Amino acid sequence: MNHSIKKTYLVFTMLLGFILLAGCNGDNNNDNSNNDNNGVLLTSIAVTPATPSMPLGLKQQFTAMGTYSDGTSSDITNSATWSSDDSTVATINGSGLAMGVIPGSVAITASLIDSSSNEQSATTTLTITDATLTALAITPVNPSLAKGLTKQFMATGTYSDGTSPDVTTSVTWSSANTLVATVNASGLASGVAIGSSIITASLGSDETTTELNITDAILSSIALTPVEPSIAKGITQQFTAIGTYSDGISVDITASSNWSSADTLVATMNTSGAAKGVSIGSSIITADFQAQSATSLLTVTDASLTSIMLTPANPHIPKGNTLQLTATGIYSDGISVDITSSAIWSSADTLIATVNADGVVSGITSGSAIITATSAALSATTTVTVTDTTLTSIAVTPGNQTIVKGSNKQLTATGTYSDGSLANITASVTWSSADTLVATVNNSGLASGIETGSSLISASSGALSGSTNLTITGAALNSIVVSPTNLSLVKGMNKQFAATATYSDGSVADISTSVTWSSADTLVATIDVNGLANGKAAGSSLITATSGAQSNSTNLTVTDATLNSIDVTPINPSIIKNSSQNFVATGHYSDGSTTNITSTVMWSSADTLVATLNPNEQLNSGRATAIEVGSSVIQASLSGVFADTTLNVTAALPNNPLAPELGEVARFAMLASQAITTTSGSAIVDGDLGILDQARSYYAGFTPGVNAGEFDELTNGLSYAGDDSTPPYVVPVPYASMVAFINQSRTDLGIAYNFLAADPNPNAATQVCPIELGNLTLTRGVYKTAADVTLQTGTLTLDGEGDPDSVFIFTIGGNLTSGAPGGDIVLINGAQAKNIYWRTAGKTVIGTNTNFSGNVFAWSEVNVRTGANVTGRLFAVTDQVTLDANAVTKAN
């Protein structure tokens, strides 16, 4: 639960040294705060939460996490460009906060173009349900509170679909008697005078109430815990103040007390009672409240190395390849330092894999070897698995690009191995440009346009190579667009502006770092050379971006709104040891506005032995790294207002199974040998249909669309059959004929089906699959049985345990049947339908009105009964797929 309390307190600033990360290939060290200046590029974006669902009327905060070419990550939520592909279903603002408009599903995309004209984006699906609010509940119920104290209320909504989300920040809070008690927009009530008041939470036409009694009890004494603790420098110690009142009731008054440290050079205190060791020594910690006080002596010792983290964790490399491991030392003062070059590296089995003094692992022969990094009597291990595969081809992407002279393009080399697996080998290939007068390319695959013309960019490894053509244009700048437009900003806050250029050849590019930025009224707002604006005083100023004779402006309004409260999300998340969690801080201001203040607040972890904040000196990023199993309070504070949540760290997850390579079948929502039939009322979204061994006439029940291959029941997809003539039917690229495309699809379906029968899966031990899956919760793994399997007695819950890449494989020797009274599949903690595979040696029957998730590979028939909803894919290897008024959405 979040708590927000405003106080006057001293802000102690610390000078944090930026820790430089060593590059894998001997590049110059890069400071993450200057990525663009040092050639560090944005390589990917991850949007969380993944595929969320919420009832109409609520809001969903999305977070965008950027990963850079030097291996670092940072929260880019506030600088990314957010978009919804259907604003009639849901809208999203510039801070990633989405609001539903009507029931339906939309693609939410976060994109960012860095100063090298390198664009990355990520998309997730937001589902707005038509679930209606059936009940509201407030907790705690009918509490008592001493005058002058505060009480946090929580509102929980129960919806018609059975979900019960926390709606504390979505409801409207009110107090019937504000002379007795007040309540703010976050549900925090304050006792003003003796008496009682009805506290109401309302959402739409629904509301619920509870009674808050304010007593005249007076504070008799305060007790502090722990008593005389000792901590290492940099460690945070949480103190608790318990007040005993004249009526005999004891209350936690930690958040209401005024905290102080007698020697702030030794230890500092925040407003929530957390002390942080600054230097060696002792200081008296005092809590004051309502004329009472209590003290405790805090002793601070020197900082020490507390743990080592190795990345990547448990990697796989082909025989003959190398892999750079990184060792990060976590110190008690919260500093994370790259100790790769100073650690002592060793391999438990040098016949399988060796490791040099710089942490570079070489795969010698197939098998597994434990790699250890040791420093200061501490060590960390990871298991490197060497696979007996060889590189068969190299692909360079994106293909055939056109860029403007003077700009850059990041290229990626992907290797395909003899076992069909793919790997990003960008950093290990040799890059070259056929014409360096036109374009150059560095050893990280970053191509630069030098002069107009074209050049072949190649990536090679041994005798293998892949290439793409890069065209450099000398297009003229036609216009500039500044975004976001007509922004409102709270005084003291920052906002990143972007300038997008449109050239005479129709191309566009981010020129944010090459334009000249200006503010018409620098007393109201300033803006730096990179387009970062800062609100100085209430008023308006015109922000302008200029390049040559072209310019564009937008109005920036600065308000003097004050920060009322902070929300930290996600609330009380759980992650595994050695992983990370990105927190988002949202500020609620006195003018009713909300702003993403993730990069502005000060972040702290109450127990840095469990979790640290902002590793590698990514200042105020809100990124927590899990060090040990346990829990730690994560706090965000700004201007005397703070909020906290609890991060729970669990043990590392078991090995993740390898998923099959789908090849051409990945494009299909349904693929069948003999036929695909439906009754009226079916809807298929985001995937193609295919019949492998029969003519197009074996599609039954579908309504032909305007163009060849289209069905009215099929959205964002086409249907295919082996006898389709061309034209009017269009053969997918790169195939020369429809027959060739169908043959390849048949081959890829067989490969995936056979892979799912592998025992054991190359990356995880096979477990026995229960013959009844109802009322079970299963974690990732391979589940196998020779018998028939049913899902009928209840709901099957698949738990991703916080890893959105968790793979679930069910290999069934008979039939799979779901249906009443159970039959639903529920995905929690990051589990995704696209990573679930059902392989049956018989038929698969999906029960009436059930909700099914996963990719079905059935040897014979797939029968989806009336009203069932499927998120995944349906493949009938030798038979047909039968629908009956169903909704099928391909899992992407």
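Glycine is treated like the rest: Cβ placed from N, Cα and C.
The shown structure was predicted, so the numbers you read here are calculated from the model rather than taken from an experiment.
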From 518-521, 758-761, 866-869, the residue range that Swiss-Prot assigns the feature motif 'Ice-binding site motif (T-A/G-X-T/N)': 866-869
Contact call for the domain 'BIG2 3' (221-288) and the domain 'BIG2 7' (565-638): at least 3 Cβ pairs under 8 Å, seq gap 6+: yes
Annotated stretches the domain 'BIG2 4' (306-386) and the domain 'BIG2 7' (565-638) touching (3 or more Cβ pairs under 8 Å): yes
The domain 'BIG2 4' (306-386) [mean pLDDT, rounded to integer]: 85
Secondary structure composition of the domain 'BIG2 4' (306-386) [DSSP: H/G/I, E/B, coil]: 0 helix, 50 strand, 31 coil
DSSP residue counts for the domain 'BIG2 5' (392-471), split into helix, strand and coil: 0 helix, 50 strand, 30 coil
Cβ neighbour count (within 10 Å, all chains shown) around Thr866 (site 'Ice-binding'): 13
